[in-house]
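J.: Can you read through this structure? Questions will come right after.
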Amino acid sequence: MVKPIHVLSGPNLNLLGTREPEIYGKDTLDDVRARCKARAAVRGLSVVFRQSNHEGALIDWVQEARTEACALVINPAGYGHTSIALLDALKTLNIPVIECHLSNPAAREDFRRHTYVSLAATGIVSGFGAASYELAIEAAAGLVGAN
């Protein structure tokens, strides 16, 4: 049996649908979770979907993915711009890592244009709202050779 794709979402993403919907869209995190699970199922895969506002929890889950996941999709949110510890954890993985953002960081404030996570990512999907997660699932599925 193929291991699941782990999908991690960072700080403030629990507020999707209500926090700056003009930037992040109206979909809630539960909506995103359902869309990810449905997209993975079409490819014969499952998803472990988690969110935390705490850097240490995200790092623990990245480390868990080393043995429990076939690929990792991560929306690091603000930690992407600040967390070398998260980068170091991601560098320990030997599975595809897809960085995912709802908005396009390159089209936003200067401080959002650099992400440490990109240094460890296989690829990046950004700017498509909640569909960014689905596109990241699709990319991960392709990289692991799913149906």
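Each Cβ is built from the backbone N, Cα and C atoms, and glycine gets one as well.
Taken from Swiss-Prot, the feature active site, proton acceptor covers Y24, and the record attributes it to sequence analysis. For H101, the entry in Swiss-Prot reads active site, proton donor. Taken from Swiss-Prot, the feature substrate binding site covers N75, H81, D88, L102, S103, R112. The site 'Transition state stabilizer' annotation in Swiss-Prot covers R19.
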J.: For H101 (active site, proton donor), which of the recorded positions R19, N75, H81, D88 has the nearest Cα in space?
T.: N75
J.: According to DSSP, does H81 (substrate binding site) sit in a helix, a strand, or coil?
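T.: Note: H81 (substrate binding site) is helical by DSSP.
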J.: Quick check: in three-state DSSP terms, what is D88 (substrate binding site)?
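T.: SS state of D88 (substrate binding site) = helix.
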J.: Counting Cβ atoms within 10 Å across all protein chains shown, which of the binding-site residues N75, S103 comes out on top?
T.: N75
J.: How big is the gap, in Å, between the Cα of R19 (site 'Transition state stabilizer') and that of S103 (substrate binding site), rounded to a whole number?
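T.: Spelling it out, the Cα of R19 (site 'Transition state stabilizer') and the Cα of S103 (substrate binding site) are 13 Å apart.
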J.: Indicate whether L102 (substrate binding site) is helix, strand or coil by DSSP.
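T.: The three-state answer is coil.
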J.: Say we define neighbours as other CB atoms within 10 Å of the CB. Which of the recorded positions R19, H81, H101 has the fewest?
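T.: Output over recorded positions R19, H81, H101: least Cβ neighbours within 10 Å is R19.
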